[in-house]
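K.L.:
Here TrEMBL flags 26-47, 79-101, 107-126, 161-183, 204-227, 247-269, 276-297, 309-328, 340-361, 381-405, 417-444, 464-487 as transmembrane segment. Residues or ranges marked as domain 'NADH:quinone oxidoreductase/Mrp antiporter transmembrane' in TrEMBL: 127-425.
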Amino acid sequence: MLLTLITALPVLGAVATLACGNNRKLARILALTASLAALALAIYLACHFDATTTALQCEERYAWVPALNIEYRVGIDGLGLLMVLLSSIVVPIGIAASWSIEDKPALYFALMLLLQACLFGAFTALNFIPWFTYWELSIIPAFFLIKLWGGPQRSPAAMQFLVYTMVGSVAMLLAFLALFLATNQFDFLALANLAQTNQLAPKLAGHVSPFLLFAGVFLGFAVKVPLMPFHTWLPPAYSEAPSGTTAVLTGAMSKMGLYGFLRILLPLFAPQMREVLTPLLWLAAATVVFSAYAALAQKDLKRTFAYSSINHLGYCLLALFAIVKFTADDSARQAALSGLMLQMFSHGLTAATIFWFIALIEQRANGQRGLNDFGGLRKIAPVFTGLMGIALFSSLGLPGLNGFIPEFLIFKGAFPLVTWATSLSAIGLMITAIVMLTILQRVFSGPLNAAWSTFPDLTSGERLALAPAIALMFVLGLYPQLLLGLIHSTVTLMTHQLKF
């Protein structure tokens, strides 16, 4: 019942938060308490997780609509646990970054908690119908968080987000309905077993083209990550959403697409992915390089990090497509896959923390966040500068911080598999370094902008709140085995399954 409980906790917290009405202080305390309770339960799951087995753990399975093979089935392996942990960390960060929200605070924080519940459900469900329910429901709180509390262009940004994600979802739904008509299965593991035993293609024969099904499912996940050219909804959504909301969107919600690639698309449609592997690799490399250059061209901090997020997730897509290639080199596949999963977690932590810092800048600067609006802040806010600098260097991939090992593993694994695409993507690393150093130089270095001569440093409460996130960057940078140990068996199993 633990997975049901961790999904229910944010829902109960949302109900309690809504009951607060206009009591802003109580609403945000209740929301933070509920999210921290979910974090405590996620840590409990991790502490009692058996990393030596490939079997699902904490599994719950109940018949829902037996005639249609629809079940309430949840369970976690290393990948699922990693995403549950990430969601339980990112949402408290998003709530803390939204601490200054004054308009309808109870509704705002309730929607944040409902989004967390949908994330937990999507990362643990193993049957398409409940999984797709969580997938679709997550769009609703995200849409309203952008629409009601966003910036001046919030309405078109929210609508663009909704249209893109709904188009992808409809394509995926149609593909799965066709898949069900051919196989009478909605269960992810049962469908994966059909693919592994070469029974899926014969069942689809005469019903629908496997490649058409692959295209529908692929589109749904590619939009969510996003992969170029399906990325155009992301910069306006991230820049117009409140920074606390953006922290959750980039920190956890974007990982739903990558999770879907690994949990659903790869086990079912690896042969179809191989048919279009070269174009996919070109798209992944283009995602990495283009988004890095786009980040460099921005003058707004949030748009800069919106494109930076696309860049970092592009490395995940590079690893994902690289491991599909036929090869006898299991060590390369395992390295790339381990790096991919670790990058999902690492990027989520770092990006959410950076948007927390941006929220703090906006609070201190009356909403301003332009790269050229500041300058010299390190002279009057040294602690702020130092801690945000750590987050920026984590995003850059500095050794000793959590961003280094994931990218190292991705390049170590992908290079022998797809040398040309990996080499091309390396350009993104250099541009990302320039982006992060440019931010440090323009915002924190140089002469002090007189307009911000009273810019306050972090308060003791803010330092205390930020400390766990910053400390975790060092812990995972110095001891990545903490997470690698959790996912090792899952990585080994997925690597073996790719041999078919």
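Heads up, the Cβ atoms here are built off N, Cα and C, so glycines get one too.
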K.L.:
Under 8 Å between C-beta atoms and at least six residues away from its ends: which parts of the chain pack against the transmembrane segment (161-183)?
P.N.:
68-69, 128, 132, 135-136, 139, 142-143, 146, 191, 194, 200, 203-204, 207-208, 212-217, 219-224, 226, 230, 232-233, 236-237
K.L.:
Counting only residues 6+ away from its ends, which parts of the chain sit with a Cβ under 8 Å from the transmembrane segment (107-126)?
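P.N.:
Beyond its ends, the transmembrane segment (107-126) has Cβ neighbours at 3, 6-11, 13-15, 17-18, 27-28, 30-31, 34-35, 38, 56, 73-76, 80, 83-84, 87-88, 91, 94-95, 98, 101, 133-135, 137-138, 140-142, 144-145, 148-149, 187-189, 244-245, 248, 252-253, 256, 259.
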K.L.:
Among 247-269, 309-328, 381-405, 417-444, 464-487, which stretch has the most Cβ pairs under 8 Å to the transmembrane segment (340-361)?
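P.N.:
Ranked by Cβ pairs under 8 Å, first place goes to 247-269.
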K.L.:
At a Cβ cut-off of 8 Å, and with pairs 6 or more apart in sequence only, do we get at least 3 pairs between the transmembrane segment (204-227) and the transmembrane segment (309-328), yes or no?
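P.N.:
The transmembrane segment (309-328) and the transmembrane segment (204-227): touching, yes.
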K.L.:
Do at least three CB pairs under 8 A connect the transmembrane segment (79-101) and the transmembrane segment (381-405), leaving out pairs fewer than 6 apart in sequence?
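P.N.:
When sequence-distant Cβ pairs are counted, the transmembrane segment (79-101) does not touch the transmembrane segment (381-405), since fewer than 3 lie under 8 Å.
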K.L.:
Looking only at residues six or more beyond either end of the transmembrane segment (79-101), which have a C-beta under 8 A from one in the stretch?
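P.N.:
Same-chain contacts beyond the ends: 6, 10, 24, 28, 31-32, 35-36, 38-39, 41-43, 45-46, 49, 57, 108-109, 112-113, 115-116, 119-120, 123-124, 149, 242-245, 247-248, 251-252, 255, 259, 262-263, 341, 344-345, 348-349, 352-353, 355-356, 359-360, 363, 465, 469, 472, 483, 486-487, 490.
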K.L.:
Report, as numbers and ranges, every residue of the chain located at least six residues beyond the transmembrane segment (276-297) whose Cβ falls under 8 Å of a Cβ in that stretch; write 'none' if there are none.
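P.N.:
Distal contacts: 227-229, 231, 304-305, 307-308, 310-311, 313-315, 317-318, 320-322, 324-325, 418, 420-421, 424-425, 427-428, 431-432, 434-435, 438.
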